[in-house]
């Protein structure tokens, strides 16, 4: 009998004996007497832990450890380890009576249940994808929660018995609130912070005068003061054209009764919305905003509404980011630290040891108590107090606003509001006049904003509300009483704050404490309002206390902020790139490297692109007055990153479009000066030593010309053309072999990202001794992609810093990477300087590189001039390299893009034939093909500043230019000028080679012109040899580009999250095998 058979027999015997034991046991049982139906009462026996452990092996213990670790730490489980299956095995292997098995199964079931929302909180469909005008539908299952026109909630149960005969409201004002003397805010917070607060308050609270229990606005941060409280109001603010709002308008009338700075901030949001919808339509991500014919009324209405609603989501997203990253950080005084921490309720939370994660997207209903929490009239500045007094004199001529009866005050406000037109564009604002297009003059709006940033707000506390607000405060006290709310102490207990036992605890000022005692008799009887605004104010603490508000308010507003944001579906689960688009989602995101995540500058610079420098302190930190910001940032060591000048209008540059005018300007070094010097010096300054001023493109002085001569001699040595051609043929083919692949048997490669860009990186690394990490140089520092990004950022910062909204971020990043690259390059150059030309250096830096000797010789020739190594690197090598990589890459990509287009592809068979001939004549024709393709697809524009008044003739028009005026030589239009290039849309191989514009003209013409033509023609030859060359299917085979000012192309990153000056990706396909690389 085999061992297996023996085991089977023994198992069968054991089973038989067990059954026999059950039969014997049953026969010995007494007759059942506990039940009426004659059945036995059975009791399920649970096995003990020792019995359970007998069924557990070491693998099961590891399963329990892995599951427990994940539960405790929140770490994701690696499903490749089959943990779920091991849990099932463990559960199934335990006895059916096992308590551990039952708990394990229940835990598994709970985990599976908790994986999904119950009920779901995010839904598909057009009805759920956008905010409704009245705020309803935020919670899809409870659509009315938080909607405009619904009652206030009550947060705190009012249990304290209060006297029906409470103190007279106006007496309370006179005793506790009336401003005796003005006190500046202790942290020098500007009035702009309180303008944001005013917008938030009126976004959330608008009490119905007919029924004070009702709020006429939604309970969400949805910018209803701009967009309206309901559909009727929203329709009044919309143009119903391309998703836009009426220019420089806002919905609410109430803001017209506030200092004009509040309205200016709303106008800034209006402009941001219109900027966003323009870009959304231009990008048209995934065909989402394809514009139909306006004659198709239904389709156009959908197009307009999709743009408007998405634009609103984006604008509200920036609004909330400003609240969380600028407003709340300033309230908590985190702006005085270098921390990037913020109280962001959108944080992803998971259940942990300290409790369950906070729910999200539940909806929100504002409470009446919080209507009172945000009454911050004590912080009104002296300037805004004067403005309010002047306004009230217009409303109540000849009367003292502090002595007007409540009835007269209400009648006066009613008359004022009734006179305001329903049409937003017709309402008066700050005495400003609208222009023909309906907008206000930027100068007027900027002046209001600038003065508001400089205006220090007042301090919180008792006896600090301007007397002009006497009637408003008295009405607020009456309104609070009509809501029958809890007392101050009850409100404090709700937040687990210690109740006040004495009046001196409420306010340490003996006068205020005594007044409270006379008015209320006992601390428990002090009303929530005005109680919360007469408390002592908190002292400044960095970080922690920046607003320095009253104690109870400081706690309550943080709870409210979390509820408002975390409870809003559109700020949490539906705040995604899929809802906002990739570009828009990225556009409003904070950056850790910029302003410690503050984002207010995104609003300012989009609203007023011609008034603020990209580094203006007025744009970046407007919630604190500039003089105090100077102290803060000096202490943090970042003050020198910002401009402290007041905003100043800079006219947009004058575009010059004709070929003849551009050639004339670029050749006239006396009248038209280059503009890049200050940026080059900014990037190249090192260890407090100035570098870069003498670089060839930094100016028009003699040292700049000498720089050009020196670098020209170093670059163009004997046999340079042969070596460059050989290098580019070799590297292009190498890159094709390395990065191409087959998809379903078809050859494919990203010709922009992996070939055009990287070939230039390898060239510059070889020539300028840059620390590129490759297979042959594994000790290099930067990968190919990293070095391209560095060179592209440097080039963009110097030559393409055209987007004011991204300027600060761009320039700070460019300086950081320039400094890092420069120090590493300097080390290489100093090694050459110390040792001369040595084979070991060549071999260790660039093994098998046909240009390595060329590069070391070039550095040696620069050193032979007697110039110090740091001057060579920072003033000459880095700026030259930075000007080559991205520029050469884009010219090749643009030229190839043309020949892959429908109109250009007719030339591909001839290019393919010429590329295979490998003769001088064929190469000359390929050069002409390259130059024509680059001309047709060029995106080059060169700026100049006018040094002396002059007149330029451009396309038959005489243009008068003033000294100091900035101009743009638009080489895109110049390259398509039919006067110079007859039939400009066609490829003609007999054009005059000296007329091509995309390398510039005159004394600052591209130094690498000859080198570039040889290099890029060689690349076209290598790519052109590929048979049946074509675009990859769909969008992957095309450059994502948009038309910018002057027709100059703007490209996008592969994920379309941002604009980029150069092509970033384009995939091509071809037939057949690649030629072998010749070493």
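Using N, Cα and C of the backbone, Cβ positions are placed for all residues, glycine too.
Sequence annotations record features per position, and here Swiss-Prot assigns region 'Linoleate 8R-lipoxygenase' to 105-446.
Look at Swiss-Prot and you will find 202, 377 tagged as heme b binding site. For residue 377 (heme b binding site), the same-chain residues lying six or more positions away in sequence with a CB closer than 8 A to its CB are 465, 466, 469, 472, 473.
Residue environment of residue 374 (active site) contains 17 other Cβ atoms, counted within 10 Å of its Cβ in all protein chains. Marked as active site by Swiss-Prot on the basis of sequence analysis: 374.
Annotation comment: Swiss-Prot describes 654-1079 as region '9,12-octadecadienoate 8-hydroperoxide 8R-isomerase', evidence class similarity to another entry.
Cα spacing between residue 374 (active site) and residue 202 (heme b binding site): 10 Å, rounded to the nearest whole number.
Long-range neighbours of residue 202 (heme b binding site) (same chain, six or more residues apart, CB within less than 8 Å of its CB): 217, 224, 225, 252, 254, 255.
On the 0 to 100 pLDDT scale, the model's mean across the region 'Linoleate 8R-lipoxygenase' (105-446) is 94. Reduced to three states, the DSSP call for residue 202 (heme b binding site) is helix.
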